[in-house]
Structures are given as C-alpha cells and as structure tokens.
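These come from Swiss-Prot:
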MOD_RES   M1  N-acetylmethionine
MOD_RES   S2  phosphoserine
REGION    30-147  region 'UEV-like 1'
REGION    275-364  region 'UEV-like 2'
Amino acid sequence: MSPEIALNRISPMLSPFISSVVRNGKVGLDATNCLRITDLKSGCTSLTPGPNCDRFKLHIPYAGESLKWDIIFNAQYPELPPDFIFGEDAEFLPDPSALHNLASWNPSDPECLLLVVKELVQQYHQFQCSRLRESSRLMFEYQTLLEEPQYGENMEIYAGKKNNWTGEFSARFLLKLPVDFSNIPTYLLKDVNEDPGEDVALLSVSFEDTEATQVYPKLYLSPRIEHALGGSSALHIPAFPGGGCLIDYVPQVCHLLTNKVQYVIQGYHKRREYIAAFLSHFGTGVVEYDAEGFTKLTLLLMWKDFCFLVHIDLPLFFPRDQPTLTFQSVYHFTNSGQLYSQAQKNYPYSPRWDGNEMAKRAKAYFKTFVPQFQEAAFANGKL
C-alpha cells in the first residue's frame, strides 16, 4: 500500500502523526528502507463517518528483520498517545521512564509518534543485546565490538528464537561500516533514483549457532554506492574464517571496501589525465570524448590515404584494467550493414605509465597495427 493511499484512510486528526512516520520516518542503520504501515483498521462504530482508521501495523527495518508492531490510537480522543503491541516480541517490555516523548506526548507536534518509535527501537536494541548473555561466545563478539566506538555506536543486533531441540539460538549483527564515500566522483552517483537516501555500506553477519561454527556474512550497499563501485557483482567479501572473530573480520571488510573506493577515485583522475594527454598528442584528430566521466574517446586518423576511427573505452578500474581500442574503417561495411571494426586489448600497456607515456605508446602502436587492419578491412568488408 502506497503512503498516500494509507494516509487517505487515516482519521484526519491523526493523519499528521502517521504522515511524519511514512514520509520522513527512517529509523536505525538501514537508510534505504523507510517505515511503512499496513493492516489499517478502525475502532470507531460503523456509524462514524470516514476516513476513520486509527490503528495499524508499523513495519520497522531492524538488523535485517522487519519488526511488526501494532499501534492503536483512539480517533475519538486524538490528543491521547497510542498503545503499542509488540507482536511476536512478547518478552520485550520497554521501560516507561525512558520513553520521554511518550510521557510528555505533545499532540501539536506532528513528529511525536516518530520520536516515540525511535525511543522504543533504542530500547528494543538493548533488549536484543541482553539476550546475548545466554551465549558467552556471542557476548564476546558483542562486547569487543562495543569497545570500538566506530563499530559499537553503529550496530544493530537481533537474537533469534531458541531451537527447542538443541537449545541453541541464532544471532545477526548488522554494522554500518565506517567507510568514506564523499570523494567518489559525482557523475557515478547520479541517476540511480530520485531520493537515494544516505550513502551507506552495511555488513550483516549471521551466527547460526552460539559456537560460531556456521557464520554467514553479507554486504549491503546503498543503490548509489553499488552503482558507483560497478554493480552488485563487483565486490566479493571474504568468507568468515573458521575460529575468527568479528573484531578481526569487520576491519578486513572495511579495508577491502575502502580500497575499492580508492580504485574508483584513482581511476577517475587517471582517466582524465589519459584523455588530456590524447587531446595534446592527437589535437584535431579527436572527434569526441566523455568530458564528465572520461570513459570514452574517439579519434579520426589517416594512414596513407586510409581513414579510420579509433574508439577508446576506459574501464571503471583504470589503469589497473586495460582500455579497449576498437579500430573502425570509415569505408567498409559488414554483412549486417555495420562499419567494419576490430577490437584490440593485446597491445603494449602498463598501468604504471602516466597519461603522456600511454598516448605516445598508443600512437606508435597505431602505426604498426593499421596496415594489417586496412588489409583485413579490404578482405572482409564491403565498400
């Protein structure tokens, strides 16, 4: 159900509270998921004119789970705070004295419900952390992370239900990784969606038993960061080592991700240097180039009255990954009506060369390769 449809069914006096929750409500580490409501119902009599829904189920993203809490207002007394039912978490009994925004409920503040939900989620986190005491191993993992502020202050924990047969229970740690994304080139962060939210990397680590014999890590990147780093398949985190600890494993993943970000930033500056060198060496032979991301360059060149194009595609992780050179005849066509072309990646190249050296080496390579390309174009293409 879309937020607008849901809000149209809410009692008008309660609508500001719920609007603040579904339109602006982001609670916890997962900035890509908003709060949402379902199961709208009314406690009013059938004679009460609508819209009159005053109770609903609130879905809250937390540690990879979706908490489902019932929130019950009374449309007849909209100035009163709501009641809460915590669904499957019957053992969760929040401390009323710590719910300051509930105790001092201000019906004139549209955000008062959202503020109470945030306080409840904080207490829910403490409740989940306390459940780890049943496992010395999981408690060790938690306490060692807690000693590091960069991890301890950005962590959510969900302890699963006990297995009735074994007495074991699972646990999931969700951590917001302290990786700086601020220097990623802006062109890579565009056009993902209209409201991308915070740029964030979350590491989820699931312990399927209390002795950590089955541990499954997974990395989640916000949409813009995933796009900037080359897509979901571009980054593979290592398996959790047997006998390993989170306090050792999490920094490894941070280091891996930081290096990936640095590769992207370095690639952008190196591509710009590369294209600047080609502009200098080939001058009027440059037909066009990508002036934003510096990922493409096209040259129009001549060798003994034979004109040809060279399309240069620079990869995201340049200079580590070698550019592709595509030679294209301006005279000859394939059977499908396309200009005859050949792509080359087997040419002299070193990622250690600067842009000027790469341009000089490319110019020398063009002179050696063009004769055989011309011969192939005449042999395989059609005028």
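Residue numbering: from 1, along the chain as shown.
Yeah, the Cβs are placed from backbone N, Cα and C, and that goes for glycine too.
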Margin query: Give me the DSSP three-state residue breakdown of the region 'UEV-like 1' (30-147), ordered helix, strand, coil.
Written below: 41 helix, 26 strand, 51 coil
Note to self: For the region 'UEV-like 2' (275-364), what's the mean pLDDT in this predicted model?
What the structure shows: 93
Margin query: From the DSSP assignment alone, can you count helix, strand and coil residues within the region 'UEV-like 2' (275-364)?
Written below: 21 helix, 36 strand, 33 coil
